[in-house]
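Novice: Below are the features I grabbed from TrEMBL:
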type	residues	note
COMPBIAS	419-434	compositional bias 'Basic and acidic residues'
COMPBIAS	466-476	compositional bias 'Low complexity'
COMPBIAS	492-503	compositional bias 'Low complexity'
REGION	418-504	region 'Disordered'
REPEAT	104-145	repeat 'WD'
REPEAT	146-188	repeat 'WD'
REPEAT	327-348	repeat 'WD'
REPEAT	357-399	repeat 'WD'
């Protein structure tokens, strides 16, 4: 039977407790078929005038996970609340009136990218007017303008831990580093901020290097990422399918490159296709690159020299507005498409046909995953709408899901010390001595701090108790051997480049791509 092939969730919990190191999280969805259900659609319009959306972004914190921002071609930014109850018979305009709670003109030009920072209190907007603006969402005012690009700002990405730092890429062929704390001048209560570093001509094609007057598209940077090691920047451009990786401490030249081709510098091997967008999962292990050859390539950031580890096909990428996003847990890839649909692939099953999200009438451009509400996605289209979807497992009905949630809540709810003592006394009077031992163990569990409940299976608890008692009888030399197996020793593994121990000198992704003589 198929159920015997995969370990149960209780076995995985037991292994995690006994081994003492973090294991890879199980995917939220099982191996069964997924069903995508449209929740609602909102219209992007202002004073009765419809405009195509260009970017969509959910808030990053769990308390604001139901909120998302949309930017459009006319320079507006709209904030929506996705937790509203939408009637199935309601029109997109009616849904907009119900869900949209804030709207303002951020630029007098198209806004191509938006990003939440500082605990969702601020919003970054990248525009065709060659600037990036910092908005205080609570006070609805601009607190800074980033100037320095000479072309449309197409992409930006904030630092993974310090939201004052960010990187941006532009059609002028440059990517720039910014520090929001370095304000040089002020104009009409808006502080102007200059870049702290800029690299010009980061993605020049071999042909454009020979031509003095080259087109902007031949050197345009389409997407940038700040990787999770906090030092490396990934850039992609329109001229070719090469990914370049830069060390922020030394920006003279990229220290690594990756490409679907075996030799990215060999233009005769195959026709070059530009990269449209980049994305990474929450751990920084996987990176996706959507390419104009209608394929999406998946890279392992620790094995860039091996090329893409997977590729996904089925969508159409005819323009540089179609975006791709990998899910936060790295299990799924979501992409827009020029055929009016959105597609979802399973990372571990690239050969399986993707799930198709049908509903839009024209090209689907921007997409995004909710980082806290698992299974919720948003898609934006040239049909002037943004649609919300919910990914569900067809083996779980709503009744079962509600029941499972209530069981989990009852399981993790802890009692106060007074309640626990009263329940213990009552159980001693009513229960038999045979059951007394099991009840007292439950009450010991309930006596734990309410803020940090512990969830264990009975079997794993016994194993953990026996393991701890055996460890206490070890000699000092044996304890040293055991300590060598702790997570602190994982710095010898390349995976520590994404989350190094505090006692180890910082190592970057660059250390694993040094060419040996």
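Using N, Cα and C of the backbone, Cβ positions are placed for all residues, glycine too.
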Novice: For the repeat 'WD' (327-348), could you work out the same-chain residues 6 or more beyond its ends whose Cβ comes under 8 Å from its Cβ atoms?
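Specialist: Residues 25, 27-29, 34, 36, 281-283, 285-286, 288, 290, 296, 298, 310, 312, 314-319, 354-358, 360-367, 369, 371, 377, 379-381, 383, 389, 391.
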Novice: For the repeat 'WD' (104-145), provide the mean pLDDT of the predicted model.
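Specialist: PLDDT averaged over the stretch: 96.
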Novice: For a three-state summary based on DSSP, what are the helix, strand and coil counts in the repeat 'WD' (357-399)?
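Specialist: The counts are 2 helix, 22 strand, 19 coil.
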